[in-house]
Each structure stands twice: as C-alpha cells, then as structure tokens.
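Enquirer: According to TrEMBL, the record shows the following:
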type	residues	note
DISULFID	C152-C194	disulfide bond
DOMAIN	27-252	domain 'Lipid-binding serum glycoprotein N-terminal'
DOMAIN	267-471	domain 'Lipid-binding serum glycoprotein C-terminal'
SIGNAL	1-19	signal peptide
Amino acid sequence: MQQVCLLTVVSLFVTSAQCKTPGLQTRITDRALEYATEVALDILSKQVTGQQIPDQHGQSGDVKFDITGMNVKQFTKPSSRVSLIQNVGLSWSTSGTGLAIHGDFKYKYRKGIIKISDHGSFDLKANGINFQVKIEIGMDGTGRPTMKAVGCSCNVGSADIKFHGGAAWIYNLFSGQLENKLKDMVGGGNGLLCKQLNTLIDVNGMKSLQKLPVTVQIAKRFLLDYRFLSKPSFQTKFMETYHKGEVYWNAVPVDAPFAAPPLLKSSDTSRMMYIWLSDYVFNTMSYNALKYNQLQYNVTNKDLPSGVLNTTCPQSTCIGKIIKAIGTKFPNTTVMLYMKSTSMPNMTVQNGSTVVNAAGDIVFFAQQPGGKYTYFLTLSATMSTTISLMIQNEKVFAKVLKLPISVTVKDSKIPVSPEGLNFIVKGIVSVFVEPKLNELGAAGFPLPVINSVHFTNTQLTVAKDTLLIATDLKYSG
C-alpha cells in the first residue's frame, strides 16, 4: 500500500535543534503541504476504492436482515486544507467527500402466520463527508523522525440507499436503520475513513520514515549524519527541521572539535522547500579525512601520461630533462611523488563564491634497484581552489573552476630551479589533481530525500557559510 504524499513531504529531511547549530536545516512551506494533500487524496482514493466492509446483521421490528459483500465502488475527492499547529504538528481537514457502496442483502419478515423472505442488492451513496486528523511529528531517541495520528474524527452528512429486487414496502421497514448503520461504519473515529487514515499515518507512514536515509555512507569510509537534533518547529506558514549535518569517520564516529557556523537567515516562503547546507558538512569530512590519513597519495607514472616521471627520456618532457639534476643523479629510473595534506582543507562559502583552501607537502623519491626508493626533495604547496556547485537529481555536484597552486622548496638534496618545479607541479595538477577532484565532484553529495520526491524549479544561492537551495517538489510515486 502506498504511503500518503503528505507524510512523504513532511518527512523529506531529518532534524531539529536549538541547543546546537545545525549543519543542515530545512523549511517545508504551506505550498508544499497543499500540494502534498492533493496527491495524498489521490492515493487515499485508490486505497479506499474497492475496500471491503464487514458484513452487518440487524433487526427492525418484524424484519431481520443481513448485509453482505459490501465494497466501496467510488471515492469522490473532497476539498482539503492543512494547517500548522505550533509545537505539535499538522491538522489535516477535508469537506465534501463522497462514497458509493455496493452490497447484497437478504431479509426475513415474520408477523403472525405471514412469512416473507427475499434477497437482492443495494447501492448506497454517502455525501457531505468531512474528516479531520492531527499529525504529531517528533523524533525518537535515536534522532529519527516520528509521526502519529491523533484524534481522527469523521462525519457523514447524508446517506441515500437504493434496493434492487424484492418488495419495496418491506425495505421501508429497515432502510432507515440500515442507512444509519452504514453511516456509522463510514464515519466516526473508528469508521472506515479514520481507520484508513490511522493506518496510513501510523503504519505506512512510519515504515516510510524508517527507510529515510538519516545516515549515508560515503566512499565506504565516512558516515554522513542527517539525524534530528531536536523536534521540528512549526510556524503559521511553514515547518522547519534541524539536522546534525556532520560527516564522521565510519569506524570511529566522534564529533569534530569545532562547531557549525550560523546559517543564513531567510524569511522567504515562495517555494515549497528550502534547504540550508552549511560548509560545516564539508569541513567535518575534511577533518576526518586528514585525521585518518586519507589525504595522501603516491603519484607514479601510471597516474600520468607519456612517462613524465622518467629520469631519462629521448624527448624533453620527462622530469629528468626538465630538472637536469634529477636526471644526472638518478639516471634510467622513475620518480615517485608522495603527496599529503599538512592541514585540514577548509571550505569557505561567501559572496557568491565557494573556495577550498588546502596546504600540503610533495615529497620526491627516486626508485632504486630492488624496489627501494631514495628521497631527494620536499616541496610545500598551497592551493586555493574555486569550485562551481549545482543541484541535480537531489544531489549537490561540484566542478573545479580555478586551481592555482604555488610551491616552495622545503628541503632538497639536489639543486633545482623554481621554473622547472612549477612546470612539473602544474603539469601534475592539470593531468592528475584536477581530474581527481572533478571525479569526486561528479559523484555528487547526497541530500536526505525520499526517492519518490524530486526537485523542480530549483535555485541555488551561495552565501556566507551556507548553500541555500530553494525548490518546488514533484511526487512520482
């Protein structure tokens, strides 16, 4: 059974916190909820149509009757309204629902020596059905979202029954009682519609929430945490959720030693949803990558084209020809570069620009017979990488725009020229470092969204410490 889209939109993301600045925050506006209820009623119509209704037995005066084989043939979609209740959740109310029910009957009439029995079918039309249910939205002890239906009520305005077959004068003896029975079965807090709504929210909705990705593995080593920090907050025009938004080392999930910066303030409610993504998310990943030695790599000839790390070559583009001291001291071999970060790469988001600043060492080794390596040079390198960001398929993608790098000699066992070093390093950056960074950016950074909900008419704003995503939503269930 499909879940109601209202529940899906409410639970798109994960969090809430006033005690700690969130790394991710979402705002779901009344526009999103209005759209959600329209889709929800379409789903509810499919679930109610064809629904079997328990058999009924009764007596009215001298007539005993049995009503069997009842099922809902038609559901007329009502008008709908969702309002937000401060510190509680949502109130969903409808008016003008209609139901058409078909069933079979048989009766026995006995008065004195007169005995009559017959059977046939009937059609009931119930109109002016109104229902209201509150949806409490909170969090459990593990930071997952929860929802619960509270106080469902349903009222049936009128019911009209038509019998087919048998004696009409006998129907009049029990039709009123049957209409009331069927109205009670459809309406009331324990009637057909409220039972369906309670099931959708308490069972189907919670199953959906259990599948919501509140933690996401990245590269099998990192854990992206989107759990709630506290219960959501509710205002007149929107609800907001506050997520942890931190990346841990998967094997040792310990908080980073720095806090998330304040997120950009915005009062806009013109789109269905807003997502604030702090640069704290990236920086906590950088912190753990450095801490657990993930920001280091041995660059060899297999990573670069045309034997550029050879010390001897007929052409003029290998390292031994560009820096002659290397070719002279270590002929007929290859060079390995050990690249490592010496400080945590730091992302800064400001003034419409996203920049990642990084620093590291490039250590040069010459391969010797027997597989051993001889050290001969260390360079200090700094990079200030400008990247562009885009939103696609509910992920954040990145691409390098500028990757300037500057190097200085930190330690050297051979004489080297700055021009030769810059030529080699810039070549390594253009053919190895930049493609690797773009490969990572093309993999996309996942946002905590259910698969059946997609972004449309999306706008990305880059502001101080914050990526702000404003988007409308489309349900594809």
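Even glycines carry a Cβ here, placed using N, Cα and C.
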Enquirer: Tell me the Cβ neighbour count for C152 (disulfide bond), meaning other Cβ atoms within 10 Å of its Cβ, over all protein chains shown.
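Expert: Taking every protein chain into account, the count is 21.
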Enquirer: How many other Cβ atoms sit within 10 Å of the Cβ of C194 (disulfide bond)?
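Expert: That number is 21.
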Enquirer: On the 0 to 100 pLDDT scale, where does the domain 'Lipid-binding serum glycoprotein N-terminal' (27-252) sit on average?
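Expert: Average per-residue pLDDT within the domain 'Lipid-binding serum glycoprotein N-terminal' (27-252): 86.
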